[in-house]
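J.: Features from Swiss-Prot:
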type	residues	note
BINDING	123, 126, 157, 160	Zn(2+) binding site
ACT_SITE	183	active site, nucleophile
ACT_SITE	210	active site
ACT_SITE	227	active site
BINDING	230	substrate binding site
REGION	324-350	region 'Disordered'
COMPBIAS	340-350	compositional bias 'Basic and acidic residues'
């Protein structure tokens, strides 16, 4: 009789849990199926009066869509050593999960073999960058502007007097050709490479002038920090701890979401978050995320919402949990860039 009662109680709990889950799912889908006019008006008003809101909306309009172009993926893959990449993924050490190993190999290949860092461009006459001195900025040519270049850095060689141009291209396909740049160019092209491999990725923007990527690890069931400049995988602490970088806002952008992930990265040296009301920032990121998901099937929209909830719990823990720093990642200061450049940016670990 006791066994029967226990079984009956278990069945009741299971039915109640299933009913509750279905009710929760219906509520989630109802809330994410359409945009209320009041929310649209609130967003428009927020953008009118707040500079950071305007900047985030502008980033959303670009970063959430520029990497979602199937026509580019074949061009990208044709430019890479796929045989070598896949061979090392199959044979080499790394994470247990295949996709995580692939991301780690792409980080290695991109930094060690494919892309180069540019503090200063080479002098065309002398063939070296040692005597290049920054002399300001110029306007992009018509050809440079075709590739979303809005700024051209100018350098004069102190030996021969020649002036070199360093166009800051924002078109990732152009970067596939030039294969050089600083953190903006590195992140831009690496993001396109990740998407070309079908890897779910986010472009992660820091208000204090750094950018990197995140990938969703199906094995770890969470978003993982990825920085191609540093060849860094799942080391979100490196900016606050290793670089000693002061930061305020970190926002991640993808074709499916806009998310404030500051808690994941800012564990020390927190700058004041006084550029926007926290409630307004939370509203804005959720509103932009809702816009990105409106046309998705119900099941996908619900799955993404559940992932959001799990990430929110993870981020809440990131603020208070002690930061564990792997010994291999303990080097002080940023690895990419010249010593002077890193010191000027406050990223040298001092």
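Glycine is no exception: its Cβ is also placed from the backbone N, Cα and C atoms.
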J.: What subset of the recorded positions 126, 210, 227 lies within 10 angstroms of the residue listed as 'active site, nucleophile', using C-alpha positions?
T.: 210, 227
J.: Let me make sure I understand the structure: which of the recorded positions listed (123, 126, 160, 183) has the fewest other Cβ atoms within 10 A of its Cβ?
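T.: Selected from the recorded positions 123, 126, 160, 183 on minimum Cβ neighbours within 10 Å: 160.
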J.: With the Zn(2+) site defined by 123, 126, 157, 160, which remaining residues of that chain have Cβ atoms positioned within 8 Å of the Cβ centroid?
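T.: Residues close to the Zn(2+) site, other than 123, 126, 157, 160: 124, 125, 127, 128, 131, 132, 158, 159, 161, 162.
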J.: What three-state class does DSSP give residue 157 (Zn(2+) binding site)?
T.: strand
J.: Would you mind reading off the Cα separation of residue 160 (Zn(2+) binding site) from the residue listed as 'substrate binding site', to the nearest angstrom?
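T.: On Cα coordinates alone, these residues lie 34 Å apart.
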J.: According to DSSP, folded down to helix, strand and coil, what is residue 183 (active site, nucleophile)?
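T.: Residue 183 (active site, nucleophile) sits in a helix per DSSP.
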J.: Reduce the DSSP letter at residue 123 (Zn(2+) binding site) to three states and note it down.
T.: coil
J.: When the Cα of residue 230 (substrate binding site) is compared with the Cα of each of the recorded positions 123, 126, 210, which one is closest?
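T.: Comparing Cα positions, the candidate nearest residue 230 (substrate binding site) turns out to be 210.
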J.: Compare the Cα of residue 227 (active site) against each of the binding-site residues 123, 126, 157 and report the nearest.
T.: 123
J.: Using the alpha carbons only, what distance in Å do you get between residue 126 (Zn(2+) binding site) and residue 210 (active site) once rounded?
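T.: So the alpha carbons of residue 126 (Zn(2+) binding site) and residue 210 (active site) sit roughly 31 Å from each other.
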J.: With every protein chain in view, how many other Cβ atoms are within 10 Å of the Cβ of residue 157 (Zn(2+) binding site)?
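T.: I count 21 other Cβ atoms within 10 Å of it.
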J.: May I ask for the distance between residue 157 (Zn(2+) binding site) and residue 210 (active site), taken between their Cα atoms and rounded to an integer number of Å?
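T.: Residue 210 (active site) has its Cα 28 Å from the Cα of residue 157 (Zn(2+) binding site).
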